[in-house]
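One structure below.
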């Protein structure tokens, strides 16, 4: 199975990716991980890639496509999830030239829920445990339950940054939903309630692909 995961920041892509890896044996491929590995291992195009990232610039589609192809070539014999790897129509067009995806899974969440998930997120400065002040708050405000260290809010989770991320998402990524819909590859799942999301995924995989959990 080759699966593209779509959805706005905070929609639950990381959560559902972990679930699919553990319960269905899929390999998780994300742009962030691929970029970090390319730079750390000094892989093909690493210097050009590092020059963009170190300046805080968006990596151009052409360079992203080259690096993504290199990663995909190593995993073509496996079932995998592409998480955040396809962000523009140009990238989707390129992907279609090297493989035929089975499913584009779109995680739908209302904007106000996304905002609460992201702005409410806090991370332990030591153990990196993740909390949310709205949904899973620590017992003591701003203090980690496990080690007593202070909780921090990532810069990316501040409202001003989130508003900008959502603007970029709507401009570049929302057209992908229509793109895969026209190809009859798109399946939308409401992920507002994360507790129901796993069951919805299980039902989809059984009904559409006759796949059951390996665990």
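Cβ coordinates come from backbone N, Cα and C, glycine included.
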- Task: Write down the single range among 30-59, 60-89 that appears in Swiss-Prot as region 'NMP'.
- Result: 30-59
- Item | Annotated range (Swiss-Prot: region 'LID') out of 120-157, 158-195 | 120-157
- Using a Cβ-Cβ cut-off of under 8 Å, list the residues of the same chain that are 6+ residues beyond the ends of the region 'LID' (120-157) and lie near it. 165
- How would DSSP class residue 12 (ATP binding site) in three states? coil
- Query: Over the region 'LID' (120-157), what is the model's average pLDDT?
  - Reply: 93
- Cα within 10 Å of residue 124 (Zn(2+) binding site) is the criterion; apply it to the binding-site residues 12, 91, 131, 165 and give the hits in sequence order. 131
